[in-house]
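Enquirer: Can you keep this structure in mind? I'll have questions shortly.
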Amino acid sequence: MQHYGVNGYSLHAMNSLSAMYNLHQQAAQQAQHAPDYRPSVHALTLAERLAGCTFQDIILEARYGSQHRKQRRSRTAFTAQQLEALEKTFQKTHYPDVVMRERLAMCTNLPEARVQVWFKNRRAKFRKKQRSLQKEQLQKQKDVSTDGALAASDKDEAPSTLNLENQPPSSTSSSSSMEAEAAPHALGSELSVELNVTSAEQSGSESATEDNATDKEEEIKQHREDLKVEKEPAPGNLSPLCKRLSPKPDSPLGSPAISSSSSGVTGGISQSHSYSSSPLSLFRLQEQFRQHMAATNNLVHYPSFDMATPSSIPYLGMNVNMPAPLGSLPCQSYYQSLSHHAQQVWNSPLLQASGGLPSHNSKTTSIENLRLRAKQHAASLGLDTLPN
């Protein structure tokens, strides 16, 4: 059992120190026989230390020698050559074995313990650097992912807002286009119904409001006055009526509807195209007009409306006798030729068969007048397109 003395230090150490002191005294006594003997400096200093120093210093001197205080090792300063050799070995392996450490110590003139500690510190430094790099990479990935998500969300929001903004205009534009497409059809259907049902005056006023209200109403009033005046001549003479068939010189040739209510459908549609449509479309309009005339003949059932068949003669005659385009002809000669053809038609024996027809009222004559003028308009359209 170990006994502890003063201040917790073991008695064994104190006994060893006393034994050492006793041995030293014995050696000094044996040396006194020599005449020149003097006590050694070491013995004196040791005696002085034992006498004047503290008990802790005695213990430290017994353990570590006369320099009893533990000296701190100075930091090793590696040269460039030593560091280069150590780094090359570290690139090969992070955990060199004892043999590699001994060889490296011999090459670098360093203790093997220093080489081992250097590798330990170098591995710690390497791990720290790797952790920092991983953190940086993770941060960059997070930033990139967040930026990409924000950009994607912005892109998704932008087209959605654009679509929301564009949807009402597109719907309105589609509805407006549908209305624009439906408008000509509605006008055409209304005009055809009015042509079949209403009188000549009402249909004339409808087409007048469509093109030029004041001019057309004046023409219709003038036609009424002419009809009243020319009821007085003989019933067989219908040449004034043929004169009335020719349009006025001051009316423009390019107008789509020449004061005729029955040509309101074709004139209204072709007016929107300003005669820039193809000849096929004009021919289709003419065919539709002929069908419409046949339908009106079937609906009204007047006994005197057999003249619809010879009324196609001026159209054919103008196509045959006038090959030149309409724009190259003087207006007055064109009107005279129209009146000449109309006189031939009205004086033909086909009309003489129904000679007792001046008993028509003003409505029937105005309808005939408007129908023939519509035929004349269709013929002018045919002349415009045939030379091309």
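We count from 1, first residue shown onward.
Glycine residues also receive a Cβ, built from the backbone N, Cα and C atoms like all the rest.
Dumping what Swiss-Prot says about this protein:
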type	residues	note
DNA_BIND	71-130	DNA-binding region
REGION	129-272	region 'Disordered'
COMPBIAS	133-145	compositional bias 'Basic and acidic residues'
COMPBIAS	160-169	compositional bias 'Polar residues'
COMPBIAS	195-211	compositional bias 'Polar residues'
COILED	206-232	coiled coil
COMPBIAS	213-233	compositional bias 'Basic and acidic residues'
COMPBIAS	251-272	compositional bias 'Low complexity'
MOTIF	365-378	motif 'OAR'
Enquirer: Across the DNA-binding region (71-130), what are the DSSP residue counts per state (helix, strand, coil)?
Expert: 43 helix, 0 strand, 17 coil
Enquirer: Kindly state the mean pLDDT of the motif 'OAR' (365-378) in the predicted structure.
Expert: 88
Enquirer: Over the span of the compositional bias 'Basic and acidic residues' (133-145), count residues by DSSP class, listing helix, strand and coil in order.
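Expert: Per-class counts: 13 helix, 0 strand, 0 coil.
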Enquirer: For the motif 'OAR' (365-378), what are the DSSP-based totals of helix, strand and coil residues?
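Expert: Each residue of the motif 'OAR' (365-378) counted once, the result is 14 helix, 0 strand, 0 coil.
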